[in-house]
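Enquirer: Taken from TrEMBL, the feature repeat 'TPR' covers 75-108, 187-220. The region 'Disordered' feature in TrEMBL is assigned to 227-253.
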Amino acid sequence: MLDPYLIKGMDVYGYLMAREGHLEDVEVLGGRLFNISDQHAEPWVISGCHSFYSKRYSRALYLGAKAIQLNSNSVQALLLKGAALRNMGRVQEAIIHFREAMRLAPCRLDCYEDSGANAQTLTILATVCLEDPVTQEKAKTLLDKALAQRPDYTKAVVKKAELLSREQKYEEGIALLRNALANQSDCVLHRMLGDFLVAVNDYQEAMDQYSIALSLDPNDQKSLEGMQKMEKEESPQTPRLASLLHDNELRVH
């Protein structure tokens, strides 16, 4: 280690070692940091991780709480205390700590993993999986679970529709979006439905969907681009389409 007095960030390092089962190393690290200072959250978190992965949850809870007293913005301390509470059966208290960790570090995936398998968490995990071609099926499974919990969760619907579009499963995508729009009206969902309808050559209804999307958000460039793309299709342009395109050009200018 280049700086033997470095404390900042060592709580994450200790957590990763504990998760991998290197508990002796974690114990040594915690002791070394306590010798430097016991007024930082990090050594308390590291010792708490050692206790947690040794299945001493009450002690992990105490150490996590002590770390939070020293630094209420310590994400790792919040996750430690939340995990200890969860494993002790105090789920509602645990959720409060996980949500606070999510608020402080919205880009940290482990905050969402610990918060439980709710629709938001599942959708975020699916979004990560969608970035890798190898994990597309896992993404689909996660999105299906999210939509089973909350069929109206727009972010999950959008990601599932993107996946179906990639797979060229247009009819399935149309059914998904129609179902989502049955109880809500959303610009993005209407526009995506328009895109799917264009893919199956249903230009008339696609035009209707783009029109609804633009009525909800006149500045939605993608809906306008969708209508303009229809203009270039081989299908004859209807007078209504020309009129809508003209009206929206006037709005933009």
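Just so it is clear, glycine is given a Cβ too, placed from its N, Cα and C backbone atoms.
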Enquirer: Which residues of the same chain, at least 6 past either end of the repeat 'TPR' (75-108), have a Cβ under 8 Å from a Cβ in it?
Expert: 11-12, 15, 41-42, 44-45, 48-49, 52, 57-58, 60-61, 63-65, 67-68, 114-116
Enquirer: Along the repeat 'TPR' (187-220), what average pLDDT does this model show?
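Expert: Across the repeat 'TPR' (187-220), the average pLDDT comes out at 94.
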Enquirer: How does the repeat 'TPR' (187-220) divide up by DSSP, counting helix, then strand, then coil residues?
Expert: 27 helix, 0 strand, 7 coil
